[in-house]
Structure formats: C-alpha cells, structure tokens
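The block underneath contains the structure these notes are about, expressed in structure tokens.
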C-alpha cells in the first residue's frame, strides 16, 4: 500500500501546479449525509447535495508529524473491485483532484487525524464504494465507505428502467451500456436495484447488463419465451459476461429529478431538430429517457402525448391507465425511433435547477 501511495504522491509533487485546485469553494457547504446505525461505512445523499465521506487515522504509535507529514489518497472502486479511479491525493499543502471530481472535492481537515472527503454537487455517477488510504509516519490505515444516492424525501429511492439504443436489441457491450445510461441521466443498475424493481412488479424479457458485469432480466409473469412457464418468477441470470465482446441491453437506474420535467405546448408537431430548438428557446433542454422515468415513477407524471426525447426516441408517460393511454398498466410507453425528419410529435423538455 505504501509503495502505491508513494508513487501517486511522487507524480503529484512533480505536477506543474502544486497548489490545491480543490480549495476554491466560496463558502462552507452544508452537508446532508446520513449514516445508518450499525453500518458506519455507508452514507446517503440526494442528487445535487453535498456529502462527507468519513475517514480518520487512529494512531497506535503516539507520534504525529502534523498535517504536513500526512499523505492521503482517495479512490473510487469499480463495482467488481478490479479498477480504481483517482479522486484526490494530498501531501501537506499539495492537493490534487481528478476526473469528474475535479474542483468538486476537498478534505474536511477538522483536526490532524481527519482525512474525511467532502463532495459537492453529488451526482448519480458518484454512487459506489470509495477507498481512503492514509499514511503518517509509522501509522497507516485503509478505510472503505459506500455512497448511496437517494431520491427526494417522501419518494422511493429511484427507478430502474430497461434501455436499448436506436440500433435495436442486444447491441451494447458493458462499456457502451455504461455510456448509454449516463447519456440518459442515469447509471447502470445494481443487482439490488433490479431485485427491488422486480419485487415492485418489473417484468422484462430482454436481458441487460448490471453494474457487477452480470447479465440478468426480471420476470414476474413466467411464460414460454422468457425462461419457460415452469421456471417460476424471479431474476433470470446469464452470469458474468465478457465486458468487451458480449452484447445485450442494459438496466439503468435514476433517482429524483434536480429540476423540472414538462411537456412543451406547441401549436404544431415538430421534427427532432425543431424539438431540440423549441426546448432551447424555452430556456431548457430536450428531456432524457431517465428524466421521463423519474418524473413518471417518482412524481406521478402523466401525459398521453407522444414526444421526442434526447436520444431520438418517442415516448409518453402514463401513471393513470385509461382507454387509449396504456389501458392495462402504468408505464412509460415506447413509440420507437422514428425518422428524425418526421413532423409528427411534440417534445418533452427538462429545465435544471439554477
């Protein structure tokens, strides 16, 4: 561990900018973390909030070199633990943040033994397991903490939805699947999230990637084409698949919206390009699939009008089933990926909170 951390710190000290790029926060943020009793390694946050990930050095040798001698490295672990993403590295006054965390993270530094990490403007992509490595003289520690991103108070935590691109069914390797979910304001769902969605009634006969690299699909109504009528309800599991070569759909997860999802009233039907421009003219952007699912599931949004979304698909959300509008169940109805030049649909827009 010491060799790994020292290598990272050496590259940090050789960087051209030796001053922290993480201390530019204008004011002290308000942190909204909640730690489960009995589980001190798990914290919860809502999208757009600020969060503290705890980490402390518990000294055994009774000797401190002060903060100047403490070396700290925060990383984010992939779901299967095979990859690490650098978040922040610190040695004395020298601090550097990385990637999507650039400018959004800094250390709490409440005292000489505190290595807690502060994350501003939490996003769905921040969800997952973080590792904190601390070295100070003869004392060192590795601490892991999991960040869960929840929906707003009063609603369920989020919504899982199946997704396939314009190319059609089974066209995504794992890396494509990750990007597809991100493009739709979501992340690849975990097994636990898919399991809870199945318990809540999700039934889908196309297999999709999960964040651990497995491929599964949820069946509440067993039938011949979906694993057989005698196999029982549950999650059908294809097991771990090759992340580069295997191709499936994906199950995405999104949580409460940090903004306003709405149908844009227009006098005429629109092409896709006209739909994009209409939302921009209204001070918004064309909505994403994940935003429609969040509005439908978490806010009860209901409208029986087919509208363009950012991926070029046309869908409409029904939370109150009725004749001619998803008569049998509440659902986000998928019309398809029509020719973008067709002037046949309206548009759903999204305006983020300022």
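Heads up, the Cβ atoms here are built off N, Cα and C, so glycines get one too.
Per TrEMBL, these features apply:
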| type | residues | note |
| --- | --- | --- |
| SIGNAL | 1-20 | signal peptide |
| DOMAIN | 29-148 | domain 'Ig-like' |
| DOMAIN | 159-254 | domain 'Link' |
| DISULFID | 205-226 | disulfide bond |
| DOMAIN | 259-351 | domain 'Link' |
| DISULFID | 304-325 | disulfide bond |
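A simple Cβ count within 10 Å picks out one of the disulfide-bonded residues 226, 325 as the most packed, and that one is 226.
Using DSSP to sort the residues of the domain 'Link' (159-254) gives these counts of helix, strand and coil: 19 helix, 30 strand, 47 coil. Residues in the domain 'Ig-like' (29-148) partition by DSSP class (helix H, G, I; strand E, B; coil) as 9 helix, 58 strand, 53 coil. In the predicted model, residues of the domain 'Link' (159-254) average a pLDDT of 93.
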